[in-house]
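What Swiss-Prot annotates here:
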- HIS2: Ni(2+) binding site (BINDING)
- CYS74, CYS77, CYS90, CYS93: Zn(2+) binding site (BINDING)
Amino acid sequence: MHELSIVESLIELCEENALNNKAYNVQEIYVKIGRLSGIEVDLFKRCFETFKENSNICKNAKLFIELAPLEILCLKCDQTSILEENVFKCPKCQSIEYKIIQGEDLHLMRLVMK
């Protein structure tokens, strides 16, 4: 259940951004969660609703989540592909030599503050 610590860090980051921008209220938080991030989205939402109550700045914030697909760059044929299933090879040339471009992380994309 690492979602607890991730949500706690997210709220701290939002509070820090608000203070740095002389805002007193975060209204909307937009995040992008990668398919391979290991984050359970429903649990993440529940943790957010619980933890935001302890924050004066984020207490009324709404959370918006975008799911990022798993995107790879094949190091053999230079093809960029989105993998729909957990088959870790290039769909074009079948190579297993690739670099993950997106889909492993959580990113804070945007804050709406007042």
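Keep in mind that glycine also has a Cβ here, set from the backbone N, Cα and C atoms.
Overlay of Swiss-Prot annotations on the structure.
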residue : record              : Cβ neighbours (10 Å)
HIS2    : Ni(2+) binding site : 13
CYS74   : Zn(2+) binding site : 20
CYS77   : Zn(2+) binding site : 14
CYS90   : Zn(2+) binding site : 22
CYS93   : Zn(2+) binding site : 12
- Task: Would you list the other residues of this chain near Zn(2+) - those whose C-beta lies within 8 angstroms of the C-beta centroid of CYS74, CYS77, CYS90, CYS93 - in sequence order?
- Result: LEU75, LYS76, ASP78, GLN79, SER81, PRO91, LYS92, GLN94, SER95, GLU97, TYR98
- Query: Do you know offhand how many angstrom separate CYS90 (Zn(2+) binding site) and HIS2 (Ni(2+) binding site) by C-alpha?
  - Reply: 30
- Quick note, CYS93 (Zn(2+) binding site) and HIS2 (Ni(2+) binding site): C-alpha atoms separated, nearest Å, by 36
- Item | Separation of alpha carbons, CYS74 (Zn(2+) binding site) and HIS2 (Ni(2+) binding site) (Å) | 31
